[in-house]
Amino acid sequence: MQEKISKFEDFLTQLQQNITTALEQHETNAAKFISDKWQKPDTPDQKLKGYGNSMIIEGGEIFEKGVVAFSRVHGSELPPSATAKRQELAGKSFIATGLSLVIHPRNPFVPTSHANFRIFIAGADTDNPIWWFGGGFDLTPYYPFEEDAIHWHQTAKNICDKHDKTYYPKFKKWCDEYFYLKHRDECRGVGGLFFDDLNDKSFDECFNFVTDCANSYLDAYIPIVAQRKNIEYSQKHKDFQLYRRGRYVEFNLVFDRGTIFGLQSGGRTESILSSMPPMATWKYNWQPELGSEEEKVYQYIKPRDWIK
């Protein structure tokens, strides 16, 4: 099992380089991804041990902030967030390896994107370790372009159909349900793919699906960035982007499993919260004007079948 974990780690660290390089090619000022390598001290008082590399870009003309973060951690006991639905895992040691990214563009017409790909192994030090993969990618637009959502979902469907034709409808629905703010009765964006507890096939089959899915993120996102990054925008557009970013913050702090897992397990706070946008605003009881561009996004982000 250790060999398989290391193989996935090698894939993720190379993917991190591929993604940061591709995004930098669209940046028009001197902003670059900066590498922040870290290691948790291996001491008895540390609940979580391990290492990682958080790559951050800030202050770009295209990307106001972005993080592409790799981590490999292990602990003696899974935190409550990881065992809430799987009580049989309570008390087991674990290894978790993953890559998580969030890109916050400056231009309000370029959507925010998020992706995450990970493996968990519970009881890795036992004769019968339990493994599963999780991950996916989702898109959060501030202004609606239907062709962008169609391209995003078509890319997701193509990669799913290559492995299992039941995956896209199942993981698309799961994504719509997961990235939902209950207290707002709103979806975070137009979705994409979300899956967890993936071990329905052999390890190699699941590994191949997850790595193909991860490699398709750039195919899904870069064409949208290229198409929208030079659209002129006003302060009104920027203000609405900042307001909608507030929803992103609310979801990450209240509902996101990765954030909750990281904080409960004693993870590296600076890396866990690096996905937060650089700026966000809240306005009391604000409502968009009827028929405005801003109102349209509330219909646009409702779950629908994007691929006819």
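Quick reminder: no glycine exception, Cβ is built from N, Cα and C everywhere.
Owing to the predicted nature of the structure, the values given are computational and were not obtained by experimental measurement.
Between the stretches 104-139, 212-247, 248-283, Swiss-Prot puts its region 'Important for dimerization' entry on 248-283. Of the residues proposed, SER93, SER100, the one Swiss-Prot records at the same substrate site as ASN116, PHE117, ARG118, GLY266, GLY267, ARG268 is SER100. HIS114 (active site, proton donor) counts 25 other C-beta atoms within 10 Å of its own C-beta, drawing on all protein chains shown. Helix first, then strand, then coil: DSSP counts for the region 'Important for dimerization' (248-283) stand at 22 helix, 0 strand, 14 coil. Neighbour counts were taken at the CB atom with a 10 A radius for the binding-site residues GLY266, GLY267; the maximum falls on GLY267. Residue pair ARG268 (substrate binding site) / HIS153 (divalent metal cation binding site) shows a Cα separation of 33 Å. Closest in space to HIS153 (divalent metal cation binding site), of the recorded positions given as SER100, HIS114, PHE117, ARG118, GLY267, is HIS114, taking the CA atom of each residue. Take the Cα of GLY267 (substrate binding site) and measure to each of the recorded positions HIS104, HIS114, HIS183: the nearest one is HIS114.
According to DSSP, ARG118 (substrate binding site) is assigned to a strand segment.
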